[in-house]
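For reference, Swiss-Prot has these:
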BINDING   Cys158, Cys161, Cys214, Cys217  Zn(2+) 1 binding site
BINDING   Cys174, Cys177, Cys200, Cys203  Zn(2+) 2 binding site
DOMAIN    6-70  domain 'J'
REPEAT    158-165  repeat 'CXXCXGXG motif'
REPEAT    174-181  repeat 'CXXCXGXG motif'
REPEAT    200-207  repeat 'CXXCXGXG motif'
REPEAT    214-221  repeat 'CXXCXGXG motif'
ZN_FING   145-226  zinc finger
Amino acid sequence: MSSKRDYYEILEVSRSATQQDIKKAFRKLAMKYHPDRNKDSDAEEKFKEVNEAYEVLSDEEKRKLYDTYGHEGLNASGFHQGGFNPYDVFNSVFSGFDFEGGFGDVFSQFFGGGGSGFHNQEYIEEVDVNLVHEIKINFLEAANGCIKNVKYTRQVTCPDCNGSGSADGDVITCSDCNGEGFLVEQRRTLLGMFQTKKTCPSCKGEGQTIKNKCKKCKSRRMVDEVVERKVSIDSNVFYQDVVIVRGEGHIYKNLVGDLFLRVKIEPSRVFELRDNHVVVNVLVDPLVAITGGTILIPTLKEIKEINLKAGTKNGDIITIANGGINLKLDSRVYGANYNQKGDLIVVINYARPSEYSKQEITKLKEFIKPNKEVNLYETLMKKELNNKDSQ
């Protein structure tokens, strides 16, 4: 199995995301991790991951292949055989943007900021107001759908300073960057002089400094808020592990983010999912299988009693129609099985025989008769050994 991270997880989008959603997520993350802007040790690796994920998910054919077969399907098709340049992807998406002034100007162009400079607060707030939270549910909750009470911490506009960060509203223009929020750096490269803009360390990109800081938020403009929300989760979560709850992310002034709920499904010791079908292995006493009788089987709703016909063999399958999960995914992307209700597939497994008394064993021996399958095996075995001796 591939050790690569899930492409949807990398771009922080759900499996039902539109191309517009995917492109928007890519632009945000590509800017965040671009090595010329982010100096963290792992930024370049994350930048490559983001670009690789976008190259696949932005292409309908590659996306369908990935949705159906995962990374292994892409490997088989030759996608991961080299020649991938993440900067080619980045440049194709951001073609038409002016990079001469550095990344600060790109932010202004992309997000429509009227002012110059990296302190474009609209951009920073837009990418920061979305919130990712993780919850765990069990297999039956996912299969049947459930409503979970989700408790998490988000940030909201500080009520004391109304998001200004100042206790008295008095702010001072930063003298280091003259209110621009950025400092210009020039460096010589093989391609000539390259000019970049980096965040002003004095004002942290705000263009202003605060004399009397708000005591409640310590000039951070936002404070923590613990919230609880009831979230509905359906069986699609098996294949779309991110549930988006609109308007429940961070809140800053008039900007309201979304809650990206990453759902982890705990594995079941009883059930196994195959497409939209649910497989369950049931242990049966061999004598009950031979003579027939009633057995108990687990379904997604309850424990059910069914009649087992005489002569049931080890490995026999009993299919209960519409006993699987009900998926409502785009069949054009996932396939026909992912847009309908599946079946419950019961696999019969012989348990170890019960212990019997000598009298019971003697009585059972009376019913032993030649077994055609055993006889055939013994014939083949003898033939194999006889051929060996004759050589």
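Here the Cβ of each residue, glycine as well, is placed from N, Cα and C on the backbone.
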Margin query: Please compute the mean pLDDT of the model over the repeat 'CXXCXGXG motif' (200-207).
Written below: 80
Checklist line | Zn(2+) 1 site shell beyond Cys158, Cys161, Cys214, Cys217, criterion: Cβ within 8 Å of Cβ centroid | finding: Pro159, Asp160, Asn162, Gly163, Ser164, Gly165, Ser166, Ala167, Lys215, Lys216, Lys218, Ser219, Arg220, Arg221, Met222, Val223
Next item on the list: Compute the C-alpha separation of Cys214 (Zn(2+) 1 binding site) from Cys203 (Zn(2+) 2 binding site), stating it in Å without decimals.
Entry: 16
Margin query: Please list the DSSP helix, strand and coil residue counts for the repeat 'CXXCXGXG motif' (158-165).
Written below: 0 helix, 0 strand, 8 coil
Notebook entry, point to check: Of all the binding-site residues here, Cys174, Cys177, which one's CB has the most other CB atoms within 10 A?
Noted result: Cys177
Check: Which residues does Cys161 (Zn(2+) 1 binding site) neighbour through Cβ under 8 Å, counting only same-chain ones at least six apart?
Finding: Ala167, Gly169, Cys214, Lys216, Cys217, Arg221
Margin query: For the C-alpha pair, I'd like the distance in angstrom between Cys200 (Zn(2+) 2 binding site) and Cys158 (Zn(2+) 1 binding site), rounded off.
Written below: 24
Check: Per DSSP, what is the residue count of the repeat 'CXXCXGXG motif' (174-181) in each of helix, strand and coil?
Finding: 0 helix, 0 strand, 8 coil
Checklist line | Collapsed DSSP category at Cys217 (Zn(2+) 1 binding site) | finding: coil
Item checked: Protein Cβ atoms within 10 Å of Cys200 (Zn(2+) 2 binding site), excluding its own -> 23
Next item on the list: Count the Cβ atoms, other than its own, that fall within 10 Å of the Cβ of Cys214 (Zn(2+) 1 binding site), considering every protein chain shown.
Entry: 22
Notebook entry, point to check: Taking the Cα atoms as reference points, how far is Cys158 (Zn(2+) 1 binding site) from Cys174 (Zn(2+) 2 binding site) in Å?
Noted result: 22
